[in-house]
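As structure tokens, the structure follows; a few thoughts come after it.
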Amino acid sequence: MAGNTFGKLFTLSTFGESHGIAIGGVIDGCPPGLEISEADLQVDLDRRKPGTSRYTTARREEDEVQILSGVFEGKTTGTSIGLLIKNTDQRSNDYSKIKDTFRPGHADYTYQQKYGLRDYRGGGRSSARETAIRVAAGGVAKKFLKTHLGIEVRGYLSKLGPIKIDKVDHSVTNTNAFFCPDESKLEALDDYMRDLKKQGDSIGAKVSVVATNMPVGLGEPIFDRLDADLAHAMMGINAVKGVEVGDGFDTVEQKGSEHRDLMSADGFKSNRSGGVLGGISSGQDLVVHMALKPTSSISVPGESIDINGETAEVVTKGRHDPCVGIRAVPIAEAMMALVLMDHYLRHRGQNADVQSITPVIPAQSK
């Protein structure tokens with residue numbers, strides 16, 4: 001099965017299934033000398049892990065990461081970093097009734113047709129359970145970016161169903177179960193999710209990720225543009241159906257005189273481009289948004305087929321997130337960090353000695 005490795009110089013290869021013994025990953029390309037510990041990685045894993053609120057799946061996994069290699073006396077050695085997270089709360093019997101039936105909207109049918117068989121327990125390899133390792137690996141990248149470059153990556157919920165969140169206060173985001181940056185929206189979110197759970201249904205969401213203190217120059221045109229790789233990374237997250245950089249699809253209604261980010265000696269006048277021009281970071285905040293579909297694992301009956309092609313009714317049991325977008329916030333942060341780490345190393349390898357006669361202008365003032 002191909003497609004398990006991400007990145008060019010800073011790479012992550014993952015393995016494992018939802019109801020297997022464990023999930024794991026191997027990071028290659030991390031520079032030596034980075035101070036890192038399991039506690040560093042656990043911070044974001046605790047933000048992502050299931051069973052921490054009534055708005056997410058009841059599956060309870062401690063998600064305690066083990067660093068198996070590549071770290072000695074608290075510092076990276078420059079060799080492969082092995083990561084492992086054991087699965088401890090599987091309930092495979094919850095899926096016994098669907099082992100011969102395809103859940104509509106899931107990867108059951110496509111995995112069966114591609115490989116001729118599938119691990120039906122919790123979705124197997126297609127489950128978002130795998131993303132825990134991405135979050136752990138992203139913790140390594142985030143630590144390097146922050147300590148060596150001053151780059152900080154932060155995500156938040158920007159829309160859940162019909163509830164739009166415009167105000168962004170990053171100090172609020174991690175104080176609530178929704179990763180919502182606007183405290184005034186919490187009651188509405190809570191009421192909406194309570195009603196949704198009573199209906200046995202699910203809802204989609206929009207998640208935004210921002211990297212601040214960005215340098216100019218990250219991105220490898222033509223085919224490995226920074227925004228192209230970010231879109232690739234975000235689309236690789238389970239349930240993501242759309243990605244925007246900067247103003248994204250809103251640019252359809254903008255005129256050129258409105259959209260272009262004007263510049264002066266004092267800096268940029270706006271950031272509609274989301275911090276990327278020509279596939280290269282401009283030094284402005286890097287802004288990415290992604291849309292996540294509602295999960296199809298719901299108790300509302302739905303029509304499907306079985307492995308023999310016969311019509312069947314499906315009612316999904318088991319423990320599932322009524323809105324997968326909520327726990328996607330730390331996952332999106334991790335994927336952005338992995339992309340930035342990879343592009344920083346690529347830029348350093350080719351252009352470390354490049355000097356431009358043009359001064360770097362400031363990002364748009366907040």
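The backbone N, Cα and C atoms fix where each Cβ goes, and this holds for glycine too.
Quick look at what Swiss-Prot lists:
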- ARG48, ARG54: NADP(+) binding site (BINDING)
- ARG125, SER126, SER127, ASN238, ALA239, GLY278, LYS293, PRO294, THR295, SER296, SER297, ARG319: FMN binding site (BINDING)
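Features recorded in Swiss-Prot, as mapped to the structure shown.
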residue	record	DSSP (3 states)
ARG48	NADP(+) binding site	helix
ARG54	NADP(+) binding site	coil
ARG125	FMN binding site	helix
ALA239	FMN binding site	coil
LYS293	FMN binding site	coil
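The two recorded residues, SER297 (FMN binding site) and ARG48 (NADP(+) binding site), show a Cα separation of 19 Å. Rounded to the nearest whole angstrom, the C-alpha distance between ARG125 (FMN binding site) and ARG54 (NADP(+) binding site) is 25.
A C-beta separation below 8 Å, combined with a sequence spacing of at least six in one chain, links ARG48 (NADP(+) binding site) to ASP63, THR131, ALA132, VAL135, ARG327, PRO330, ILE331. The candidate set comprises the binding-site residues ARG54, ARG125, LYS293. Of these, ARG125 has the most other Cβ atoms within 10 Å. In the structure as shown, the Cβ atom of ALA239 (FMN binding site) sits within 10 Å of 21 other Cβ atoms.
The shortest Cα-Cα distance between ARG54 (NADP(+) binding site) and any of the binding-site residues SER127, ALA239, LYS293, THR295 is the one to THR295. Under 8 Å, Cβ to Cβ, and six or more positions away along its own chain, SER127 (FMN binding site) finds GLU17, SER18, ASN238.
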